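Colleague: In case it's useful when we look at the structure, here is the feature table from TrEMBL:
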type	residues	note
TRANSMEM	B:20-44	transmembrane segment
TRANSMEM	B:56-77	transmembrane segment
TRANSMEM	B:83-102	transmembrane segment
TRANSMEM	B:114-132	transmembrane segment
TRANSMEM	B:166-186	transmembrane segment
TRANSMEM	B:216-238	transmembrane segment
TRANSMEM	B:258-281	transmembrane segment
TRANSMEM	B:293-312	transmembrane segment
Amino acid sequence: MSAAMAAVSPAADTLLNVERLTMRFGGLIAINDVSFVAKRRQITGIIGPNGAGKTTLFNCITGFYKPTVGRLTLHGDAGHTYLLEQMDGFRIGQKARVARTFQNIRLFTGMSVLENLMVAQHNKLMLASGYTVLGLFGWPSFRRAERDARDKAVHWLEKTRLIGVADQPAGSLPYGDQRRLEIARAMCTDPIMLCLDEPAAGLNPRESADLNSLLLSIRDEFGIGLLLIEHDMSVVMGISDHIVVLDYGRKIAEGTPLDIRNDPAVIRAYLGEDGQE
Amino acid sequence: MEWLFELFHQVNYELPKFVQFLIVGLTLGSIYGLIAIGYTMVYGIIGMINFAHGDIYMIGAFQAMIVLLICGTLGISWVPLQLLLMLVVAVALTAAYGWSVERIAYRPLRGTQRLAPLISAIGMSIFLQNYVQLVQGPRPKPVEPVISGGVTVLTRADGFVAQLGYLQIVIVLLTVALMAGFTLLITRTSLGRAQRACEQDMKMASLLGVNVDRTISLTFVMGAGLAAVAGMMVTLYWGNNDFHMGFNAGIKAFTAAVLGGIGSLPGAMLGGVLIGLIEAFWSGYFTAEYKDVAAFSILVLVLIFRPTGLLGRPEVEKV
C-alpha cells in the first residue's frame with residue numbers, strides 16, 4: 001500500500017523504491033512480491049533467517065540478476081530516476097551510483113590497498129586522462145585528477161584506519177581490515193546508495209562497534225542511503241532507522257527497530273525459533 | 001698451462017659465432033615477445049587463448065608491406081619517414097582488426113561455455129588467412145630491404161664476421177621502448193589498473209563502474225597493435241610475407257607466453273627472448289631444420305614440469 005502511494009508521488013527523501021519485486025529461479029521463488037522504500041540519510045536494515053532472499057535482493061538491485069517481476073526505481077540527484085532492473089551491471093555503479101560490498105569479501109587481492117581505491121575511481125580518471133592517451137603523456141588535467149583521486153583514497157584510508165598499510169597487497173590484510181577496505185572502496189565510487197551485505201560477519205565485538213560508528217558517520221556526513229543486510233542484531237538494532245524483515249522471500253514486517261523487536265511475526269519467524277543458535 | 005692456452009684459443013675462435021647467434025636470437029626474441037604479449041594479456045583478462053592472434057600479426061606485416069609499397073609509389077624515400085608511416089598506419093589498422101575480431105567473434109560468446117570462444121578463435125584464424133590469401137594471392141611477397149648495413153662486432157682470423165645490423169638495433173631498441181611504455185601503461189594508468197582489476201574479478205570491477213567490455217576491447221586493441229609492430233619488424237627483417245606466416249609465428253609466440261608464464265607480461269617478454277635464443281643457437285650449432293622441434297619441445301617440457309611457466313603465478317581458485 002505504501003509502495004503504491006510512493007509510486008504516485010515519491011516523497012522527496014525516497015532513494016530506492018522497490019515495487020512488487022519477484023525473483024524466480026525455475027520453480028524456486030527466492031523473492032516473492034516484496035515492496036519497500038529506502039530513504040536518503042537513513043540506514044535501512046534487511047534481516048531474515050538464512051535463505052530468506054536478502055542477498056538475492058541485493059543481486060537484483062546491483063544488476064547481477066534481472067528480476068522476474070517488479071520495478072526498482074532509484075531517485076538520484078537532481079531529479080534523475082533510474083530503473084535499475086533495466087540497466088547493465090556496470091552502469092548501475094557508474095550512472096545510478098549504487099555501490100555494494102559482499103558477504104564473502106571481494107577485494108582485488110593482488111593489488112595494493114591504495115590501488116583498490118583507485119580502481120573505484122576509474123571512470124573519472126578515464127575521462128580526465130582522455131581515455132589514457134593524454135594520461136600517458138602526463139597531461140596536466142590527468143595529473144590533477146590522479147592527485148584528487150589519491151587524496152580521496154587517502155581520506156578514506158585514514159577514516160578506516162588503513163593508511164599504514166596503503167601499499168600492501170589487499171589480500172594480505174587481516175579479515176577485519178579487509179571488511180573496512182571494502183567499505184572504503186565502495187565509498188570511493190561516490191555512491192548515493194551503499195548496499196552492505198553482512199559487513200559485521202566475522203568481526204569481534206570491538207570491531208563491530210567500530211563498524212557501527214563508521215556506518216553512522218557515512219550516513220550523516222555524506223547523506224547517502226544505506227541498505228544493510230546483517231545477522232548481528234547489535235548492529236542492525238543499534239544503527240538502523242528502518243528495518244525490513246524477509247522470510248522465505250516474503251516481507252513479513254517493516255518498521256522501526258522497536259516495532260520489529262515487538263512484532264510477533266518476526267519473533268516467530270526469526271528471533272524465537274532461530275535466535276538460540 | 002698448455003691446455004688453458006688451448007681453451008682460450010678455442011673460445012676466441014668460437015666467440016664471433018656465438019655473438020652472432022646471440023644477436024640473431026635477441027632480434028627474433030623481440031619479435032616473438034611482442035606477439036606473446038598479445039596472447040598473455042588476452043589470456044590474463046578473459047582466460048582465453050586467442051588463436052587468431054598470429055594472424056593479426058600477419059595482417060600487421062601485410063599492412064606494413066603495403067604502406068612501404070605506397071611510399072615507393074609516392075616517392076617517399078626518406079627512411080625514418082617510411083618507418084614512421086609504416087608504424088602508425090600498420091598499428092592503427094591492425095588494432096582496428098583486433099577490435100573487430102573481438103567484437104564479432106568473441107564478445108557475443110562471452111559468458112557461454114569456455115570452449116565456444118576458443119573454437120570461434122580458430123575459425124577467425126582460418127578466415128583471416130583465407131581472406132589475405134584471396135586479396136593478396138597465395139605466393140610469398142618479397143620486400144626490398146629498407147635498412148641495410150651494420151657494425152662489425154668481432155672478426156675471426158678466417159674471415160668470419162659477427163655483425164650487428166642497424167635493423168637489428170632498431171628492432172631491439174623499439175621493443176625495449178615499447179615494453180617500457182607498456183609497463184608504464186599497465187602499472188601507472190587508470191586503464192592499466194582497470195585491466196588488472198578485470199583480470200582478478202570482472203564482476204566486481206563492473207560493480208565499481210568499470211566498463212568491462214570496453215576494457216576487454218582495449219586489451220585486444222593493444223595486443224593487436226604490438227603484433228602489428230612485430231609484423232612490421234618481420235617485414236623489414238625477412239621481407240617475405242605470405243598469408244600463412246602468422247601460424248608458425250603465432251604458435252612460437254604462444255610457446256613463449258606459456259614458457260614465461262601465461263598471464264604475466266614480463267614473462268611473455270622473457271619467454272619470447274628465450275625462444276628466440278633457443279631457436280638461434282639450435283639452428284647455429286645443430287640444424288636449422290629442427291629449430292621448430294626445439295621450440296615446441298620446450299613447450300611440452302614446460303607444460304609437464306612447470307605449468308605455471310617461469311614467472312607465472314600458481315593458478316588461484318576463483319570463487
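Just so it is clear, glycine is given a Cβ too, placed from its N, Cα and C backbone atoms.
Relative to the rest of the structure, where do these features sit?
Modeller: Same-chain neighbours of the transmembrane segment (B:20-44): 50, 53-54, 56-57, 98, 153, 162-165, 168, 171-172, 174-175, 178-179, 182, 195, 199, 219-220, 222-224, 226-227, 229-230, 233-234, 237, 249-250, 252-254, 256-257, 260, 262-265, 267-281, 283-285, counting only residues six or more beyond its ends whose CB sits under 8 Å from a CB of the stretch.
Sequence-distant neighbours of the transmembrane segment (B:56-77) (same chain, 6+ residues past either end, Cβ-Cβ under 8 Å): 35, 38, 85-86, 89-91, 93-94, 97-98, 101, 128-129, 132, 136, 141, 143, 146, 223-224, 227-232, 234-236, 241, 243-246, 249-250, 253.
Within its own chain, the transmembrane segment (B:114-132) is flanked in space by residues 46-52, 54-56, 58-59, 62, 97, 101, 104-106, 243-244, 246-247, 250, which lie at least six positions past its ends and keep a Cβ under 8 Å from the stretch.
Among residues of the same chain six or more beyond the transmembrane segment (B:216-238), those with a C-beta under 8 A of the stretch's C-beta atoms are 27, 30-32, 34-35, 37-39, 41-42, 45-46, 50, 53, 56-65, 68, 86-87, 90-91, 93-95, 97-99, 101-103, 107, 143, 145-147, 167-168, 170-171, 174, 178, 182, 185, 191, 195, 198, 245, 249.
Taking Cβ pairs closer than 8 Å, the transmembrane segment (B:258-281) reaches residues 21-22, 24-37, 39-41, 43-44, 179, 182-183, 186, 199, 252, 291, 294-295, 298-299, 302-303, 308-313 in its own chain, all 6 or more past its ends.
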Colleague: Other than its close neighbours in sequence, what residues sit by the transmembrane segment (B:293-312), given a CB gap under 8 Å and a spacing of at least six beyond its ends?
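Modeller: Distal contacts: 251-252, 255, 257-264, 266-267, 270-271, 274-275, 278-279, 282, 286.
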